[in-house]
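J.: Input: one structure, supplied below.
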Amino acid sequence: MLCLFLLQLVAGLSERPQNISELSKMLYGFEYKGKWTSQKMEQQFHYLTVEQGDAYMIFLSNNTQQNSNDVIDRFEFQLLNPKYQEMRQVIGMFKLTNYSDSDISFENISVLNYTTAYKFRRNYYSKENCEIAYTVNIEFQGDNYDKEHAKIKVHMQTHNNSLDTHCDVDILMDLMLDTTNYLLVIIMYCAMSVMICFTQFLCVTKLCKALLENEEDPNKISLFAVGYLTIQDSYICLQNLYEALINYQYFQYFILPAFFYFLLATTCDMKLIWIVWRSRHLEDLFDQQRMRRAITYFFAQFYFSLILYFLLMYFFFTYNWFICLTGLCLLPQIIHNIRLGNNPRFISYFVFGILVPSMLYQLYNRGCPSNLRGLEPSLAFCMIYLSEYLLQIIILYIQYKLGPRSFIPKCFLPKQYNYYRTLNIQEDYEECAICLTSLMDDPFDTEAPTQKLVIKQAMQTPCRHWFHPSCLRSWIDIKMQCPTCRSDLPPLLE
């Protein structure tokens with residue numbers, strides 16, 4: 001008896017819908033995916049430029065308080081041009097009436113409301129008074145009467161040949177239930193985000209430790225580079241948080257990378273910015289009023305740049321030329337090395353572990369055909385973007401090996417200050433202010449003294465203070481200020 005009851009129950013679930021209420025329980029709220037095909041040579045809606053593309057639709061109800069007894073009376077659709085949501089698309093809706101129980105279809109005349117979109121911007125063009133004749137047929141495969149086996153065919157055609165070309169439409173849609181595994185795509189994206197964030201977290205922590213223990217010089221790190229890094233991480237945090245809020249069914253997946261990037265941007269990145277900024281304002285730390293003013297000015301600049309970056313990304317994140325500009329994150333460090341002029345450092349985990357990982361997001365968006373953003377893949381963009389990063393890394397390494405200005409023609413370089421002076425060994429000179437020994441006795445000079453030596457080289461700063469060459473070189477690598485009077489020093493180029 002139990003087996004017979006179960007068989008009857010299963011059979012009952014697969015019965016042909018007898019009225020619109022039963023059909024609504026079966027199809028209401030589910031998204032269907034397929035293809036749309038143009039039935040004429042002209043552009044559909046005077047906007048779509050291809051003759052075939054992807055189509056999405058959903059049966060809905062005008063009842064604002066959704067419940068299981070809602071009856072479908074509204075047809076919403078999305079037509080892509082041809083595949084990716086970034087490109088041209090049409091989003092429309094019309095009312096469903098005149099349901100036929102015999103052949104499970106809707107056929108009537110209705111007013112079509114639609115809007116066009118481009119680069120995810122709606123209201124490019126919209127109409128609210130297009131009159132169309134439509135036919136919506138629901139067919140089932142075999143005797144399987146359920147949403148998985150429903151095949152929906154839709155034909156929309158302009159009624160009475162409207163003179164408005166934007167209402168000119170003749171489209172056939174063939175759709176089935178959308179079975180795309182979006183959860184797998186979301187999990188892969190979130191896993192990638194967490195891994196990138198964790199890598200950056202380790203490298204930023206390592207760099208902060210090296211700077212605090214004087215293993216690395218904060219003056220040789222560009223403040224603009226680390227500031228841009230923090231702004232980028234803040235944007236990724238906000239982007240994941242936005243995805244978590246609008247896709248509430250996947251909230252638990254998107255909130256994880258959003259939380260980790262929030263920690264990265266507000267703790268590690270801000271700590272790194274503070275260390276680099278403090279090294280440039282040591283004199284302000286001893287005056288409370290000056291320190292308060294300097295910190296206020298710095299944070300005003302930072303938050304202004306943060307808001308500006310968010311606005312620019314909101315309007316231009318779909319444009320490849322703009323994303324290429326955002327990839328110049330190593331350029332501030334290159335310019336900083338040129339400006340200082342002294343021997344720069346090539347900190348591998350700063351370049352490859354902190355700055356470079358951010359490029360993986362754009363390569364994912366433009367290189368993965370099933371990316372989460374619905375952006376059109378572009379091999380040319382990926383090649384240009386990778387070449388851009390590679391070129392910046394090569395320039396940084398050349399600066400480290402050959403000098404920060406070695407690749408710049410001399411005609412473009414400003415006039416350089418020559419630190420070297422020739423001393424007569426028989427005259428009396430002051431002591432080196434760094435090692436506090438005579439200028440004639442260089443503690444790092446390995447040449448054996450001879451009686452014939454009557455001249456010797458030393459270095460003199462623009463403020464007319466004398467130093468051993470080895471002492472001043474070591475000092476300038478740490479700080480570009482005179483050890484005696486604290487005045488700024490020009491770059492030392494050898």
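Note: Cβ is positioned from N, Cα and C throughout, glycine not excepted.
These figures come from a predicted structure and were not determined experimentally.
Pasting the relevant annotations from TrEMBL:
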- 432-486: domain 'RING-type' (DOMAIN)
- 182-203: transmembrane segment (TRANSMEM)
- 254-274: transmembrane segment (TRANSMEM)
- 294-312: transmembrane segment (TRANSMEM)
- 318-335: transmembrane segment (TRANSMEM)
- 347-365: transmembrane segment (TRANSMEM)
- 377-398: transmembrane segment (TRANSMEM)
J.: For the transmembrane segment (318-335), which stretch among 182-203, 254-274, 294-312, 347-365, 377-398 has the most Cβ pairs under 8 A?
T.: 377-398
J.: Which residues of the chain, 6 or more past the ends of the transmembrane segment (347-365), have a CB below 8 A from one of its CBs?
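T.: Residues 189, 192, 196, 199-200, 202-204, 206-207, 216, 221, 225, 229, 232-233, 236, 323, 326-327, 329-330, 333, 371, 373, 375, 382, 385-386, 389, 393, 396.
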J.: Residues of the same chain, at least six outside the transmembrane segment (377-398), with any C-beta under 8 angstroms of its C-beta?
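T.: Tertiary neighbours of the transmembrane segment (377-398) are 320, 323-324, 327-331, 333-334, 337, 344, 346, 351, 356, 359, 362-363, 366-369, 371, 406-407.
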